[in-house]
Amino acid sequence: MDSDGDDYVMSGSDQEYDDEEREILEDLRKQRKKPHDPVQEVLGFSDDDDDDDDDDEEEQQDVAELMRDSDIEGAEDDDRDLPNTMDWGSKRSTYYNTDFVDQDYSSYNAQEEEQARAEEEEAKKIQLRLAKRMSEADFQLDNVEAAPAGSSDDNELSHITKVTSDLAGLSERERRQLMHSESPEFIILTQDFQQHLDEVKNLLKPVLNYVRKHDVPMVPALQYAGLCHTVLTTYCSNVAFYLLLKARRIDVKAHPVIRRLVQLKDLIEELKPRYEEYIRPQLEALLERIEDGDAFTVLDVAQRKAKLQILNKYNDGQQASVSSDDDDNDDDDDAESKEKDLQEEAGEEEEEEDARRGITYQMAKNKGLTPHRKKELRNPRVKHRGKYRKALIRRKGAVRTVRKELQRYGGELSGIKAGVTKSVKFRT
């Protein structure tokens, strides 16, 4: 057999194989016969000479296939029983259950550690072999071509984002029709822009500036006006951005500004009824007074009319009493007590005005037509306590109670006096 294999001619002789090749061929035949013929042949013979020729051809094919087999490094090597490092193997279970995760560390033994180390070394060998196969051509970008400057995508994008600029040959009517077809919202937005801008400029802004400048308390009406001012200015700024995009002839159908304008438009429609009915008339009246130069203050809405009337009456009476006698301290005390009483009455009246009328005792108890009972019998605890007290009184009449000694005689504390007699005489 030639090393190149180009001048190889098949022959029917067994002399071409050496002992090592015959052993390999015999092993290969046994492996092929095992799955197909479980019964081993003891004395096999052939009746025809043609079978020998067929066997020779089969041997040649087996040797050629054996030489190409990935499990054999080469016929001239001594390590014929070692598998090739490039061989994938024939067992699928080899490629499963080889990785370890966190929960597998508890059952990690020395054998598995050795297998993991061998797997790591094999991976490093494969990585090194792949790195050796790479050349400088693998790191070049020869097969990646740059897109041309005037690509079709850019042309399509320019057609999408820009409107046709050839309007010189169109009439005024055709221009209006083109504008209505391409941007029907343009006229509505421009009208809203002018209307809201005038509202902010002529009414909302002057009033709010005066309020902030003179530290006027922000009552709910002014807070609502400030909210309307913020919403309208935001809407006008978005409309201005929309007009800027239209001036640059950029298509705004898919632009986020359209969605934002719709949201602000809905919010303005929600605020408009209350603003037109309540807030705007008050702002107009307030603006007239500001322009006239009238000085005004915002009253405390928490004050009640009844309380103001009572305090005014008391102040008038107090001024009269103070003017008559300023040095009388008793009158001052009486005035303070009267003021306190009047304030309490005003507080009660204020509570009565705010709260509902309370229910009566009969409504709360809801007894109906229950029979009258003594007060002592209403509470069982009080009832049994009274019975016990009466039983003690009856027992004292039948059985004498035991009287314990209060204090024993401990001798005279200051000595014995001859003229003092404290003994008890026995009467006969």
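Every residue, even glycine, has its Cβ placed from backbone N, Cα and C.
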>> Where Swiss-Prot marks phosphoserine, which residue is it, choosing among S46, S324?
In response: S324
> Pick from S93, S107, S152: which does Swiss-Prot describe as phosphoserine?
Replying inline: S152
> Quick one: what's DSSP say for S337 (phosphoserine), helix, strand or coil?
Replying inline: helix
> With every protein chain in view, how many other Cβ atoms are within 10 Å of the Cβ of S337 (phosphoserine)?
Replying inline: 10
>> DSSP-wise, what's the residue breakdown of the compositional bias 'Basic residues' (370-386) into helix, strand and coil?
In response: 7 helix, 0 strand, 10 coil
